[in-house]
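I have placed the structure first, in the form of structure tokens, so that the comments after it can refer back to it.
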Amino acid sequence: MRPAVLGSPDRAPPEDEGPVMVKLEDSEEEGEAALWDPGPEAARLRFRCFRYEEATGPQEALAQLRELCRQWLRPEVRSKEQMLELLVLEQFLGALPPEIQARVQGQRPGSPEEAAALVDGLRREPGGPRRWVTVQVQGQEVLSEKMEPSSFQPLPETEPPTPEPGPKTPPRTMQESPLGLQVKEESEVTEDSDFLESGPLAATQESVPTLLPEEAQRCGTVLDQIFPHSKTGPEGPSWREHPRALWHEEAGGIFSPGFALQLGSISAGPGSVSPHLHVPWDLGMAGLSGQIQSPSREGGFAHALLLPSDLRSEQDPTDEDPCRGVGPALITTRWRSPRGRSRGRPSTGGGVVRGGRCDVCGKVFSQRSNLLRHQKIHTGERPFVCSECGRSFSRSSHLLRHQLTHTEERPFVCGDCGQGFVRSARLEEHRRVHTGEQPFRCAECGQSFRQRSNLLQHQRIHGDPPGPGAKPPAPPGAPEPPGPFPCSECRESFARRAVLLEHQAVHTGDKSFGCVECGERFGRRSVLLQHRRVHSGERPFACAECGQSFRQRSNLTQHRRIHTGERPFACAECGKAFRQRPTLTQHLRVHTGEKPFACPECGQRFSQRLKLTRHQRTHTGEKPYHCGECGLGFTQVSRLTEHQRIHTGERPFACPECGQSFRQHANLTQHRRIHTGERPYACPECGKAFRQRPTLTQHLRTHRREKPFACQDCGRRFHQSTKLIQHQRVHSAE
């Protein structure tokens, strides 16, 4: 797509030519406004508008082009698919017809899909193709859309200024209209575009100044003549009090972004600049037309002429409001001098208002595309759906980022450890692990963090809201105080303060993130996002080996170790290795004898919280897991799963040595000790070893002379239940 500039810089219009008529497209305003706007559109225009003359040599030109391209595409932030989307969007906009292209560019779409939706909306608008006319305002001709005389209020009869002698234009078929407007029908817009590209006015157009003070005074005078009072009477409001007018009088300029009517200058000579009247109208979906004066050799300014595009012949001539249905816009132009240096500065008096205010929350946006994107938050619209898992997104860029989780593509790779990431921001955060950098420091306690989100989460512990009232972070690079860091509630110590702060959320009960489905609240946003997948059923992380899917990437990582056999967490006491760190933590309590979880009913203590939960069901009698076949209830879901295999006959655990299968994995583990000869349970009294723990328990009763199983008939006691069953058969035979 060509940038929004006209022609070549080395062609200057001849000085002896009169005013040149051009059509100023809406996209030119957007493109020139972007020259001082540090946004993606400004970066694109800087790249497309680069000229070889701006560099001192070919090497510098190539280096500048590379840098401008990098600033536009930002490969360190965007993925290849996102950069491709930018190029497709640019080409799509460039392929549109000129009028539609200007109107779509004015909305600044963020993706090709959004641009296509805008084009569809424009095609469905009522109204046929527009025709353009030549409007002569007191002796000067400009291009405008065709309008009816009833669109304007006539001026009082005044004597027009005497035009200067000069060559007369060939006779044309004209229509007389108020204000001395002479209208002649011209060809379609497409012919105007050809004229723009090949005419003498092929120069760069940039943002513009407001009216000069003397021009502003003349504008106000003529406006008083055009709109002296309303039709309700001579005492009605003037144009300055019009309810839809957004008049600004800054730096001597009068303008309400919008419809501009050019006045004939009293001393209309070569090189003079004519003033403009700006009255309100809607430029959001309007075409622009204008006249640009031929510049002097030193370079100078020229004002653009804006005429309303919504003036229809069917407009009611008796309408009391000549400015009905109009809104703000303003465009003026600036010339570049032949030396290539721009003159003037952007006008600050009345910029283009292209966004709007959200009706729901009142938030204001400078661009309509951002407003439309924001409104999807309130409507819940998510038009971009992932074909793999069905998850929907409000923006196509979010969908592309999400799809990388399915393809396992991680284009941003760490040069130190080789770990890949979907987003470059995650790579930058990961690099701080190697460098030890923690730039975000809490001003309250001095704790440093690698990520700002962790700092904001931490500040809630001190009571500082993560907003304008929060204390600013400490200077980056400040060292963290040395550990360990003990918890004031339970005295547990941690090597890092960040881990301590996460642990303290258990005691403080800080749960700032709530689920809209079930109301459950969480202390961390990441945990809330994982919880939402329980309701949606989403399992975006699938194993490439067996196809099993998981809700969390960490679960997939742990599952892969089943296929690879990796057990990275080893016990320092006995050397036993585990696939998960929590399993190792639980195992270490076997050596230390630690049992931190106590039952409040009976005082029995457990090494695992899960075991405490299961134990408490013996007091409450709760059996939340029921079999769908026989209705039998269980206190543990694992027991229900094992029970259901009785109905299905499933025996998923097979011995690789003899092929015998089992319903439970524990039974397979015990069986394999027959082949390996392993006897891990040894008696501390006599040293005898056993393959199963229950067998060791029974053996210990022989040393302790325990006989817990008593016969109800004769009172005889036994140390094994099997011995009691055999004994009871004696009484049954009698």
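A Cβ is built for glycine as well, from the same backbone N, Cα and C atoms used for every other residue.
Feature annotation from Swiss-Prot across Lys146, Lys611, Lys723 places SUMO2 cross-link at Lys723. Residue-level annotations in Swiss-Prot identify, among Ser111, Ser294, Ser337, Ser111 as phosphoserine. In Swiss-Prot, the annotation zinc finger applies to 384-406, one of the ranges 16-38, 269-291, 384-406. Residues 513-535 are the range that Swiss-Prot records as zinc finger, among 53-75, 513-535. Listed recorded positions: Ser111, Lys723; maximum Cβ neighbour count within 10 Å falls on Ser111. Across 384-406, 513-535, 625-647, 653-675, the stretch most heavily in contact with the zinc finger (356-378), judged by Cβ pairs under 8 Å, is 384-406. Looking at Lys723 (SUMO2 cross-link) and Ser111 (phosphoserine), their Cα atoms lie 79 Å from each other.
Away from its own ends, the zinc finger (653-675) comes close to residues 642, 645-646, 691-692 of its chain (Cβ-Cβ under 8 Å, at least six residues beyond either end). Averaged across the zinc finger (625-647), pLDDT in this predicted model comes to 89. Secondary structure by DSSP for the zinc finger (541-563): 11 helix, 4 strand, 8 coil. The secondary structure of Ser111 (phosphoserine), as reduced to three states from DSSP, is coil rather than helix or strand.
Where the zinc finger (569-591) meets the stretches 384-406, 597-619, 625-647, the count of C-beta pairs under 8 angstroms peaks at 597-619. Listed as Cβ neighbours of the zinc finger (709-731) (distance under 8 Å, sequence separation of 6 or more from its ends, same chain) are residues 698, 701-702.
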